[in-house]
Amino acid sequence: VNLKKPCPFWNDNSHCGIRDCAVKPCPSDEVPDGIRSGSYKYSEEANNLAEECEEAKRLGAVDGSLSEETQQAVLQWTRHDDSSDSFCEADDIYSPDAEYVDLLLNPERYTGYKGPDAWKIWNSIYEENCFKPQNVKRPLASGRGESFIYLTKWFSSVCVEKRAFYKLISGLHASINIHLSARYLLQDTWSEKKWGPNVTEFQQRFDEVITRGEGPRRLKNLYFLYLIELRALSKVLPFFERPGFRLYTGNKSHDAEVKSLLLEILHLAKSFPLHFDENSFFAGNKKEAAKLKEEFRLHFKNISKIMDCVGCFKCRLWGKLQTQGLGTALKILFSENLIEKIPESGPSYGFQLTRQEIVALFNAFGRL
């Protein structure tokens, strides 16, 4: 992940300074050879920064080391230029600023990142990217519910695709808020930090009375997001089922075990009763449908760029990962014909997933 990309929309003057949100790059011996590009090296500047930030151990800091298990798992993944089909602005993994992060050492939780900077992120996502009329202001960014009536009227007047797009963003917002409420900083003293569920924080965002009826809608949108990503997992089975597809390399028995577990998850997803049918999307006039689909893709791509404006690096890490996971799910759902044509052996030219997309897809679904 590249956590140093500048915000493309405004000058980022977040309160979360470099020492509070430091990223310590993985030592070179911790990055598996199969994942690291042969020509890739950390820049001298990045290594110097690691030394400067050695003492940065605060809430927002990202632990850049990898577990021993991760070091054992390696694979040389080929790059695939899929920009015309991508729903996300992917990080350049060959950039000197790109760093490897062990997600197990950096759980998604409350980091103290809140206030105007955090509001600005969600306001930008809702105001600029959700296909909504001007009279609907901050439909979910505020916890109150003033816009509920406007939102109801708007929902009845727009097409199913635009409603679905809004519901996905709302579901993602709800998911992140639940994670922050579930792992909240309850105690912060010099001797220890204690995280746990904060019921009050959860109620402020989802209680029906406090949110004037919006809370239950947010949870329904969370379930809608879950169904969308579950549907994508069931659709992508042929891509992973090919005999030639391998996860990691180096230890053949481990490779086989991991692939077996992965296929078990995908078959389970496929056996789940169908609660969502994406075939109804973009099903009207072909020219209009193509235009709407492209608009859909570009709107989502814009949202993935906004993640580079998140001030807290740990929040940025999980925001990027979950956004890219949803973007990968959408890419799968809109590539059904290509997936069905994938040959059992040989390369899959029509449809491809990068290593980053696969990691994001499964970890984002794991959060749901």
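From the backbone N, Cα and C atoms, a Cβ is placed for every residue, glycine too.
Here is what TrEMBL records for this protein:
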ACT_SITE  Cys312  active site, nucleophile
ACT_SITE  Cys315  active site
BINDING   Arg109, Thr111, Trp122, Ser170, His173, Arg205  FAD binding site
DISULFID  Cys16-Cys21  disulfide bond
DISULFID  Cys53-Cys88  disulfide bond
DISULFID  Cys312-Cys315  disulfide bond
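Straight-line distance linking the Cα atoms of Arg109 (FAD binding site) and the residue listed as 'active site, nucleophile', rounded to a whole number, equals 12 Å.
In the shown protein chains, 18 other C-beta atoms lie within 10 A of the C-beta of Trp122 (FAD binding site). In this entry, Arg109, Thr111, Trp122, Ser170, His173, Arg205 make up the residues listed for FAD, with the farthest two CA atoms of the set 21 Å from each other.
It is 17 Å from the Cα atom of His173 (FAD binding site) to that of Cys88 (disulfide bond). The recorded positions near Trp122 (FAD binding site), taking a 10 angstroms Cα-Cα threshold over the set Cys88, Cys312, Cys315, amount to none.
Taking the C-alpha atom of Cys88 (disulfide bond) as reference, the shortest distance to any of the recorded positions Thr111, Arg205, Cys315 belongs to Cys315. Listed in sequence order, the binding-site residues from Thr111, Ser170, Arg205 having a Cα within 10 Å of the Cα of the residue listed as 'active site' are Thr111.
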